[in-house]
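What TrEMBL records for this protein:
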BINDING   A:R23, A:E86, A:K125, A:K464  (6S)-5-formyl-5,6,7,8-tetrahydrofolate binding site
BINDING   A:N231, A:S250, A:I252, A:T255  K(+) binding site
BINDING   A:231-236, A:250-256, A:275-278  GTP binding site
BINDING   A:S235, A:T256  Mg(2+) binding site
DOMAIN    A:221-386  domain 'TrmE-type G'
Amino acid sequence: MNYNDTIIALATPSGAGAIAVIRLSGKDAIRLASESFKSVRGKALQDQVTHTIHLGHILDDTRVIDEVLVSIFKNPKSYTGEDVIEISCHGSQYIQQEIIQLFLRKGCRMADAGEFTLRAFLNGKLDLSQAEAVADLISSDNEASHQIAMQQMRGGFSSEIAKLREELLNFASLIELELDFAEEDVAFADRTQFRELITRITFVLKRLIDSFAVGNVIKNGIPVAIVGEPNVGKSTLLNALLNEERAIVSDIAGTTRDTIEDELSIGGIGFRFIDTAGIRDTTDVVEGLGIKKTFEKIEQSQVVVFLFDGTELHTEAAIKACRIEIEKVKNKYPLKPMVIIVNKVDKLSEDTIALLQSVIPDVHLLSAKSGLGVESLKTKLLDFVNTGALRNNETIVTNTRHYDALLKAFEEIQKVQHGLDTELSSDLMAIDIREALYHFGVITGQVTNDELLGNIFANFCIGK
Amino acid sequence: MFDKVYDVIVVGAGHAGSEAAASAANMGSSTLLITMNLQNIAQMSCNPAMGGIAKGQIVREIDALGGYSGIVSDTSAIQFKMLNKSKGPAMWSPRVQSDRMRFAEDWRLMLEQTPNLDFYQDMVSGLIIEDNKIAGVKTSLGISVRAKSVVLTNGTFLNGLIHIGDKNFGGGRAGERAATGITEQLVDLGFQSGRMKTGTPPRVDGRSLDYSKMIEQPGDISPEKFSYSDVTKPLTKQRSCHMTYTSNLVHDLLREGFDRSPMFNGRIKSLGPRYCPSIEDKINRFADKDRHQLFIEPEGWNTCEVYVNGFSTSLPEDVQFKALRSVVGFENVKFFRPGYAIEYDYFPPTQLKHTLETKLVDGLYFAGQINGTTGYEEAASQGLMAGINASLKVQERDEFILKRNEAYIGVLIDDLITKGTEEPYRMFTSRAEYRTLLRQDNADFRLTPKGFEIGLASEKRLRRMEEKQNKAVEFVQFFKDLSVKPDVINPILEAKESAVVNQSGKLFKVFARPNIEMDDVRKIEEVEHYISEHNLDREIIEQTEIQVKYAGYIEKEKNNADKLTRLEDIKIPANYDYSQIKSMSFEAREKLKKIQPTSISQASRISGVSPNDISVLLVYMGR
């Protein structure tokens with residue numbers, strides 16, 4: 001691998017936009033940029049101080065490609081720790097490509113996936129946890145996951161573990177001391193204090209492990225299954241939820257023809273709405289397959305939303321049929337949070353509403369059209385998510401590798417606890433302590449292990 | 001006088017030199033052992049004991065490889081103790097009190113019976129080096145002896161300076177001359193040298209002590225031994241040690257001499273071992289402790305000389321005497337000789353390869369205190385490894401390196417050459433990452449096959465080891481196969497307050513419970529029958545018990561050790577240019593350049609090289 005050359009890549013998303021940023025990093029970045037840049041004020045780039053911005057033109061020989069702003073970051077005070085040039089050009093794909101092609105001809109190399117961040121890591125600008133957080137930050141598309149990634153990038157989470165690790169290490173040392181000097185008159189490691197530490201570590205580990213569930217859904221969006229017939233007004237509902245917030249909408253084709261996922265942000269939390277077919281009893285083979293699929297989707301979801309068209313529920317029999325359907329799911333997943341929505345209530349008589357409320361007591365009445373019940377639905381959805389940790393600005397674990405290490409550390413700490421309870425010989429307990437320390441180290445980067453690195457850099461499709 | 005070119009010359013005949021000479025000669029190399037005084041071979045210059053925590057394991061390892069220290073420790077023992085028996089088996093550590101004179105005598109006799117080994121008494125004052133290759137040694141009498149390799153084991157003799165109070169004089173040991181010339185020559189060649197300090201307590205007349213005022217410390221009721229071979233037998237009678245304490249009065253008397261202490265008035269500048277402090281150091285650093293333990297150790301079966309362990313000091317002899325007279329039991333003490341401190345030259349061991357060969361001079365090996373270690377066992381094991389590797393090199397065979405998960409000896413050498421040492425290096429079990437694998441009971445399993453392969457351990461040793469191993473494996477299997485009924489096992493479980501069983505099950509499972517021991521399961525008729533039928537001795541029974549009871553932990557450590565091996569397998573090319581890795585800290589680059597680690601694993605153990613640096617290095621190594 002060669003890190004002596006200068007790399008280039010588009011730093012903003014590909015495609016057309018108002019502006020685009022092209023980034024160069026490496027020892028020749030400033031020289032190469034200055035060769036193709038003509039400042040409006042006639043300044044030579046290589047003579048400029050770091051962290052300055054300059055207006056001018058990118059020239060291919062004598063041909064002007066674009067009017068641009070060039071930012072200079074000199075090593076080591078740059079993202080990668082190398083000399084970095086950022087060219088803000090106009091956002092057309094043609095211009096972007098022309099500029100990149102120009103620098104490739106001049107001797108730059110197209111950056112590999114994640115190479116800017118890799119270089120930042122190699123130059124000691126980021127530790128492993130931070131580098132991973134960059135990946136999360138770039139892919140985060142809602143407020144909450146952004147917040148977590150930022151927190152992790154600032155080192156908040158690994159420093160908490162590092163502190164515990166150090167305390168544990170101190171105790172491990174005391175235990176080693178009494179083992180190696182068993183014949184001598186040494187003070188023994190205070191078992192009461194040690195128990196206290198183990199309890200504290202257990203508490204923190206538990207909290208972090210639990211936070212993973214929260215963190216993970218925040219990062220990926222909370223999956224919500226919408227159960228309802230095709231014509232009950234799902235898109236109207238989603239649009240109603242959407243109208244209130246400026247949210248991201250991305251249509252991701254589901255794994256099957258009949259599941260569509262809509263992702264939107266409510267109160268800063270990402271929700272992934274998964275459309276499913278209903279689960280009405282049927283003898284039709286195709287629909288039967290659909291029901292099986294629906295249950296699979298419900299299984300994968302954190303929240304189930306039943307959606308019924310109120311205008312179809314005039315008779316008690318129809319309402320009871322709904323209830324049977326709901327109970328089928330309730331019986332199968334008694335712990336799954338559920339919202340039962342009857343839409344189009346603006347078109348219902350008061351009697352029908354009263355009937356609905358008596359047969360299905362926890363019904364949520366909604367009119368997507370008038371906006372009735374939309375706000376309270378949002379509150380309901382948010383309440384299902386344990387966002388306590390988020391609101392308190394506590395640490396949340398989102399990284400699978402960290403989660404895995406925390407679980408393993410937790411397991412070892414429980415063994416230490418058991419060892420303390422059964423008065424296990426301290427040399428054997430030391431093995432469990434060392435293991436726990438090892439797993440802590442996986443998080444803080446205080447162990448080195450080739451697999452660890454392999455894993456991280458394999459997921460390094462970031463920073464470009 | 002010497003026309004012959006020796007394969008190996010060993011300079012010095014302490015614990016390192018004696019093992020080096022024995023291993024080289026036993027591996028078929030023509031060997032010459034040169035020492036300043038042939039009457040003083042294998043002297044115990046400090047306390048009359050071998051083994052102890054971590055050190056006992058090393059003696060077992062030396063023995064398993066075919067060295068002599070274990071055998072001599074057995075034949076000269078006057079007391080045996082298995083320390084730490086209440087802990088897990090990794091902590092069990094054999095230790096003997098030795099007859100100091102017999103120890104040296106037995107060593108000399110064993111060396112005399114070793115083939116290929118010549119002796120010569122003289123002081124080596126220089127090395128013959130041609131084209132950065134060792135070619136022999138020069139002595140103070142002007143004699144040159146040529147050799148293909150040289151092992152230096154100079155102990156505390158290189159420019160040794162003895163301190164007692166405000167007096168100091170040159171010497172390698174009380175009553176012996178210092179050696180000069182070698183340090184200066186090596187420094188001229190580009191070696192780095194440093195000074196270290198160690199100390200020793202007074203020796204006193206046992207007839208002047210009142211043992212009735214002390215606590216007796218007898219040996220084990222059923223003593224074991226060091227050597228895996230059958231040439232030695234466990235002790236049938238033993239001598240006791242005694243314990244007493246210092247007091248505030250003793251401390252006050254010692255403090256009166258502090259102004260004349262070379263430790264405190266700046267005359268001694270070099271570092272001594274923190275974990276083996278002098279008595280003045282102890283009372284100075286732990287001022288709140290009103291007493292310290294003293295162990296009173298007999299120097300042999302018949303001699304009345306006694307060693308006052310714990311009272312190492314370089315205070316003036318009158319202060320030593322006055323203070324010791326105030327110790328309980330020492331009211332009428334008579335001195336044989338006062339304690340003293342000694343400063344000597346050493347060579348930071350980061351200048352060595354894993355074979356203990358110097359990086360600068362081909363064919364030159366260092367072992368023992370010259371490398372900054374302390375302790376007979378540490379010295380002996382280095383001597384053994386240097387002797388083996390010098391022989392292998394002369395015979396143009398592959399080098400012999402023990403890994404950290406294979407032996408304490410491997411941990412010792414890897415630590416020395418990778419991290420160096422600022423104070424005299426002593427082995428601890430905590431220095432080993434995988435101590436559960438490095439037990440005193442299995443050193444033969446770990447190392448005898450290797451010792452046999454290089455031609456040091458005899459075939460007889462190997463067969464003995466194999467028999468022990470097979471018998472233990474079969475006995476473990478027996479426990480896995482034997483089914484016991486509740487009415488047989490439950491009374492045993494109840495007696496131990498362990499949960500009873502409802503149905504028949506394999507005995508192995510019950511035996512693996514934490515508080516169930518071999519003695520408990522032996523109450524079952526079939527077990528006792530198996531033992532007598534297969535004629536199992538104590539060693540095999542104990543081995544089996546360890547393999548059943550600690551199987552989980554042993555397995556876990558093995559898995560962990562495999563992680564290490566993977567990093568061990570990522571090799572760094574020789575003379576790798578670290579200056580190109582700008583992303584590493586300057587300190588890390590300098591350290592790596594100096595140590596020249598052979599693998600990523602070794603690099604990760606260098607102080608000043610951070611995990612981040614290692615991650616960077618991994619990337620550069622193509623991982």
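Glycine residues also receive a Cβ, built from the backbone N, Cα and C atoms like all the rest.
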Which residues, sitting 6 or more apart from A:S235 (Mg(2+) binding site) on the same chain, put a CB under 8 Å from its CB? none
Three-class DSSP assignment, A:R23 ((6S)-5-formyl-5,6,7,8-tetrahydrofolate binding site), comes back as strand
Same-chain residues six or more away whose CB lies under 8 A from the CB of A:K234 (GTP binding site)? A:I226, A:G228, A:D275, A:L307
Looking at the binding-site residues A:R23, A:K125, which one has the fewest other Cβ atoms within 10 Å of its own Cβ? A:K125
Residues near A:E86 ((6S)-5-formyl-5,6,7,8-tetrahydrofolate binding site) by Cβ (under 8 Å) yet at least 6 apart in sequence within the same chain, in sequence order, are A:A11, A:V21, A:I22, A:R23, A:L24, A:V70, A:S71, A:F73
By a three-class reduction of DSSP, A:K234 (GTP binding site) is assigned helix
Under a three-state DSSP reduction, the secondary structure at A:K125 ((6S)-5-formyl-5,6,7,8-tetrahydrofolate binding site) is coil
